[in-house]
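Some notes on the structure that comes next.
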Amino acid sequence: MTKLKDQTRAILLATLMVTSVFAGAIAFTGSAAAERGNLDADSESFNKTIQSGDRVFLGEEISTDAGLGASNPLLTGTAGNSEGVSLDLSSPIPQTTENQPLGTYDVDGSGSATTPNVTLLAPRITDSEILTSSGGDVTGSAISSSDAGNLYVNADYNYESAEKVEVTVEDPSGTDITNEVLSGTDTFVDDGSIGSTSSTGGGVGIDMSDQDAGEYTIILEGAEDLDFGDATETMTLTISSQDEIGIELDSESVTQGTDVQYTVTNGIDGNEHVVAMDLSDLQNDATTEQAKEVFRNIGDTSEVGIANSSATNTSGSSTGPTVETADIAYAVVEIDGASAVGGIETQYLDDSEVDLEVYDAGVSATAAVGQDATNDITLTIEEGGTTLSSPTGQYVVGSEVDINGTATSSDSVAIYVRDDGDWQLLEIGGDNEISVDSDDTFEEEDIALSGLSGDGSSILSLTGTYRIGVIDASDADVGGDGSVDDSLTTSEFTSGVSSSNSIRVTDQALTGQFTTINGQVAPVETGTVDINGTASGANSVLVIFVDERGNVNYQEVSVDSDGTYDEDDITVGLTQGRVTAHILSVGRDSAIGDGSLPSGPSNGATLNDLTGYLDTLDQNNNNGEQINELIASETVDETASDDLIVTETFRLAESSTSIDSIYPDAAEAAGINPVATGETMVIAGSTNLKPDDNTISIEVTNEDGTSVALEDTDEWNNDGQWMVEIDTTDFETGTFTVEADDGDNTDTVNVEVVSEREDTTTSSDNATDTTTTTDGPTETTTTAEPTETTEEPTEETTTSSNTPGFGIAVALVALVGAALLALRREN
């Protein structure tokens, strides 16, 4: 019986095993039949049932009714950012990698190839387009309604295994018109359809020929879940009511010399069109090469040149008609999508209205001569202008300035100056012209207008009010020899492209000052001074020092372009005592004095020549006063001299530093004053040393010679007054020594630190306090009255706090108690 039961159990177990294997096979077969990604075969727009090895995407909602989503809805990441992270297929997959890392997920996180797994990817559309039946890409372009009857919307994307991309078309108001414009019934785009121009290429066909003019929106997105982020794409298509080829300008009115962009519109992708203008619109003196450059070879331009009815002369060619025998200047542009872009160089065009014409596809440049254009537009060319921004206003003889301005129609300009007669050329540069940059500006820097060659510069070397102007260099070549003329009449100047301003020429000016400390420079051997000032019109100034013994020292200092100069640490290098200091600048004539010096030269003497004369003076036996007179006689006091000079005096002295006063910060006072413990001690003094370059150290020592404080300063004004502050909180009372040390000199004083500083200032509020510290007020009645008032509370306080025992009341109670006790005992 037992054996029979065992056999029965074995049979049942075998049956269960066979049944489970068979059921698994059936389940596998069923899943294979619904293989994810076979959307084309199943005519499905999406499939959310997945199996091991499938790809899933961010944002998807996976089916948990069958497949891996039913058997293993919770997976674990195996590597990278996803390692150890759970992927729950029972809920929609998050849309971002921040919430769900990309990577491989399997049922146990092992990463084994035999373990059921999926790969999580980010859905994206990688490319999209709208094509015409001829293959022209019109995405984002404008086409005529007649050309919009057979269009294809295509895309490449990575999530076709999950769902198709669906096409939605919206009109300018945002209304969905997809069903109205579909060429078929399918709104779903197959992956890999890019470039397709047929109904079998996987794209979606649309017919926009019956739609009104306006901008239409074509939206691509997943058919089910994938309608966000990179899984979507939006394109535009503009339908034009104009059926023929058109032409537009980015600006219909420009200044001569300004580049203009034109756009051929409503074209068919790949078609070529001729754009042309009549050569009579060019300037009379335009050359053949310039005529060939009117149309720029940019953008969608494939050819430029000039033509007559029988031949063309293209850019780079040396054969064909010339500007005298050609009829048109032209460009050939190729339509890209629905439009083509080109450009025009207007500097060779006359200032007039120019008709720009476009021809149908297939019309050549030679055929365009004498043939009516399909469309045209008028470009207005206005005469160019020039402006001179600098120099204007005031000009100082000898100074350097920048010459700059604008010229909208010129390759180069020339600068002229006028007094009362003709305009005279300013000879700037080798060819007397200034080139105009591509942004229509011109500039020459650091030009000394009064120091150039020619009559124009001579005018500006004398004070007065004149006119300075700029003119197109081609208009300044009245003689026609290829170079600007030396002079122009007023009529010649104003008839050209020109403008002018007033300019006032003034003499040079000199200011300057020497920086000393309290009128001194120290020490004698190494003392230096700083100088600064203005010397308009000068390139440099000469600084001269003369001491009382007649010794001379000097240094040349350059002047900046703004007319200022600034030089630090000029060594005086003379003997102790009074020093006379000069700052000298040559005047408008650029010569020292009358141009001659005793040591040479006989004319045209410069600052450099003057230094040789100063060396001679330094070797003779004249005293300082005589040397100063000799310098003046050869410079500013010389006949007809226009030199300029600034003179100051100071003392060259040995360095010195002293302590002048010590006081508490709350009570400023002259001299050495006591300071109470806890107050801030202010130590003030004077020096003749330069700040920053020197430091004054202050050390405070007690009666034992121990240093208790050390401070320093390198900041003081030109009056030489310095100050430091020291906290005395940790000081004991007594006499302290304060020493100031500048590195070469010291000064020492003693100061008292007291427990309480005496205050001699009294008021009605502190009269009582004052009487306790002085002899006089102690005998007054005022002192006695408060004393009596104080005694009364003192007696009360004494009674309550100093009575021995328990007090009188307690003693009486004790006596009564003792009596009663004695009476009780007696009874």
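For all residues, glycine too, the Cβ spot is worked out from N, Cα and C.
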Filtering Asn47, Asn404 by Swiss-Prot annotation N-linked glycosylation site leaves Asn47
Spatially, which candidate from the glycosylation sites Asn47, Asn117, Asn308, Asn313 is nearest to Asn532 (N-linked glycosylation site), comparing Cα atoms?
Asn313
Between the Cα atoms of Asn313 (N-linked glycosylation site) and Asn47 (N-linked glycosylation site), find the distance and write it as a whole number of Å.
63
Same-chain residue ranges lying at least 6 outside the region 'Disordered' (73-111) that approach it to Cβ under 8 Å:
50, 56-62, 64, 117-122, 225, 228-229
Students should find that the Cα atoms of Asn308 (N-linked glycosylation site) and Asn47 (N-linked glycosylation site) sit apart, in Å rounded to an integer, by 66
Pairwise Cα distance for Asn47 (N-linked glycosylation site)/Asn117 (N-linked glycosylation site) [Å, integer]:
18
Note: in the chain of Asn117 (N-linked glycosylation site), residues six or more apart in sequence with C-beta under 8 angstroms of its C-beta are Ser52, Gly53, Leu75, Thr78, Thr104, Tyr105, Asp106, Val107
Glycosylation sites: Asn47, Asn308, Asn313, Asn532 - member with fewest neighbouring CB atoms within 10 Å
Asn532
Do you know the DSSP helix, strand and coil residue counts for the region 'Disordered' (73-111)?
3 helix, 11 strand, 25 coil
